[in-house]
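K.L.:
First the structure, then my questions, so here it is.
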């Protein structure tokens, strides 16, 4: 990655309200990377739902997996080792940490994950790739299998008013989507017309069924109906592809064009976004992780916390945080998921050593669908994909930088309930 220098464009306006300030870049040599916070989705896991309803909506047998439901797979571990290796090369290139074998003190790095097997293991494999042979502490709650409150995207507002507004927001979001083609494609792949559900419950066409949204305090936003079934089915099919199952076992050999993959994943993306990205929901469920990031990265002086902070959670954490912070729409090339397996939001704090001004750059770093399937080695020469992101209230220059002060204001606004 190439980074160019930022110089601050001061606003000409001398009166309130002051608009966010546009940064500008000229000289890369003056830019210093001071601190990085990564919010990562865990890497490749087995399907969370691979029995029950999925066996009832098709007359076919789903492929077997060699690990427990929801666990990181061996390939997922290897993929994260490669991601860690790439990040270490990037860290060394930008001189973020000391030039030594194990820059792994608490002042250098801090790894913190949700307390599930797939998130803890992701951090362990990342550390093995980034800091091989080094002692690296992985911080998490002691009870493995129980969600850490920081990463738990549950509703914390139990008021009837909130529930009413949240349900309406989910309904409005779903109404704005066009999912008919995706449902029809999935009906064909599953051969749902010959399934047990069709014979016993007349569920022969997913698009003809209604969804019912669920908002309850201390629980994740939920939905019952075809969207939930579709999400579970498409998730299982995506994971088969990433894991490297033989082509005739991936969706029984029926998803063989980019157009078909795109259609199916409109359903999975719709599930994630309908449940977790309506603003009223996003700001509520993302508040714990936003607060953690604010106190450990955004609202502290440089040097008070580790230079490289690595958090491992879930797609719901990333989706809700991005909505709460008002990220602009983005596209991830060569991926069908909007929050892909192993994908990472990389928050970078840079300083212009001439002006002494600080800047923020945010990138989505992720493995393409084929990099995941091929278990592709990653390095500076063969990197993962990078997409520079932009926040609505933190305008970026041509090289993707926005002012640190505006970024702090974005975080403060996101934390407002």
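Cβ coordinates are placed from backbone N, Cα and C, and glycine is handled just like the others.
Reproduced below are the annotations present in Swiss-Prot:
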SIGNAL    1-23  signal peptide
BINDING   41, 45, 118, 220  substrate binding site
ACT_SITE  42  active site, nucleophile
ACT_SITE  315  active site, proton donor
K.L.:
Give the maximum pairwise CA distance in Å, whole number, for the residues 41, 45, 118, 220 listed as binding substrate.
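P.N.:
In whole numbers, the farthest two Cα atoms are 20 Å apart.
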K.L.:
Quick one: among the recorded positions 220, 315, which has the most Cβ atoms sitting within 10 Å of its own Cβ?
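P.N.:
Of 220, 315, the one with the most crowded Cβ is 315.
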K.L.:
May I ask you to report the DSSP-based helix, strand or coil state of residue 45 (substrate binding site)?
P.N.:
strand
K.L.:
Can you tell me how far the Cα of residue 45 (substrate binding site) sits from the Cα of residue 315 (active site, proton donor), in Å?
P.N.:
13
K.L.:
Do you know offhand how many angstrom separate residue 220 (substrate binding site) and the residue listed as 'active site, proton donor' by C-alpha?
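P.N.:
Just about 13 Å between their Cα atoms.
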K.L.:
Near residue 315 (active site, proton donor), which of the recorded positions 41, 42, 118 can be found within 10 Å, Cα to Cα?
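P.N.:
Correct set: 41, 42.
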K.L.:
What are the sequence-distant neighbours of residue 118 (substrate binding site), meaning same chain, six or more residues apart, C-beta distance under 8 angstroms?
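P.N.:
Set apart from residue 118 (substrate binding site) by at least 6 residues yet with Cβ under 8 Å, we have 42, 43, 45, 70, 71, 72, 76.
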K.L.:
How would DSSP class residue 220 (substrate binding site) in three states?
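P.N.:
DSSP call for residue 220 (substrate binding site): coil, neither helix nor strand.
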K.L.:
If you draw a 10 Å sphere on the Cβ of the residue listed as 'active site, nucleophile', how many other Cβ atoms land inside?
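P.N.:
For the residue listed as 'active site, nucleophile', the count of other Cβ atoms within 10 Å is 25.
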K.L.:
Among the binding-site residues listed here (41, 45), identify the one with the smallest other-Cβ count within 10 Å.
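P.N.:
If we count Cβ atoms within 10 Å for the binding-site residues 41, 45, the smallest count is at 41.
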